[in-house]
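In Swiss-Prot this protein carries:
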- 2-31: domain '4Fe-4S ferredoxin-type 1' (DOMAIN)
- C11, C14, C17, C58: [4Fe-4S] cluster 1 binding site (BINDING)
- C21, C48, C51, C54: [4Fe-4S] cluster 2 binding site (BINDING)
- 39-68: domain '4Fe-4S ferredoxin-type 2' (DOMAIN)
Amino acid sequence: MSHTVKIYDTCIGCTQCVRACPTDVLEMVPWDGCKAAQVASSPRTEDCVGCKRCETACPTDFLSIRVYLGAETTRSMGLAY
């Protein structure tokens with residue numbers, strides 16, 4: 001089943017989500033819009049197992065990273081018709 005990993009602009013570049021991911025779905029990439037000059041990216045979403053450890057590791061008040069599991073993807077992201 002396919003999962004969607006969404007990274008929001010509230011990412012503070014702390015790398016906690018990257019370190020928490022057991023399947024190396026995430027990586028940090030340079031970004032000038034972040035205090036840390038880097039932001040999380042999810043180039044390998046096909047490897048996501050949906051464990052949501054990245055969400056749990058995120059220290060921001062509003063989770064900067066969210067994993068939407070299969071069928072909940074369009075509904076949770078507000079894309080359902």
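Cβ coordinates come from backbone N, Cα and C, glycine included.
Closest to C58 ([4Fe-4S] cluster 1 binding site) by Cα-Cα distance, out of the binding-site residues C21, C48, C51, is C21. Shown are the binding-site residues C14, C17, C51, C54, C58; of these, the residue with the fewest other Cβ atoms within 10 Å is C51. Across the domain '4Fe-4S ferredoxin-type 1' (2-31), the DSSP tally of helix, strand and coil residues reads 5 helix, 9 strand, 16 coil. Under the three-state DSSP scheme, C54 ([4Fe-4S] cluster 2 binding site) falls in the helix class. In this structure the C-alpha atoms belonging to C48 ([4Fe-4S] cluster 2 binding site) and C17 ([4Fe-4S] cluster 1 binding site) are separated by 13 Å. Close to C21 ([4Fe-4S] cluster 2 binding site) in the fold, though at least 6 residues off in sequence, lie R53, C54, each with a CB less than 8 Å from its CB. Every protein chain shown contributes to the tally, and the Cβ of C48 ([4Fe-4S] cluster 2 binding site) ends up with 22 other Cβ atoms within 10 Å. Other than the site residues C21, C48, C51, C54, same-chain residues with C-beta atoms no more than 8 angstroms from the centre of those residues' C-beta atoms, the [4Fe-4S] cluster 2 site, are V5, C17, A20, P22, T23, V25, L26, V49, G50, K52, R53, V67. Cβ neighbour count for C11 ([4Fe-4S] cluster 1 binding site): 22 (other Cβ atoms within 10 Å of its Cβ, all protein chains included). Apart from C11, C14, C17, C58, the [4Fe-4S] cluster 1 site neighbourhood in this chain, defined by C-beta within 8 angstroms of the site C-beta centre, holds I12, G13, T15, Q16, V18, A40, C54, A57, P59, T60, S64, I65. Spacing of C14 ([4Fe-4S] cluster 1 binding site) relative to C51 ([4Fe-4S] cluster 2 binding site) is 20 Å (Cα to Cα, whole number).
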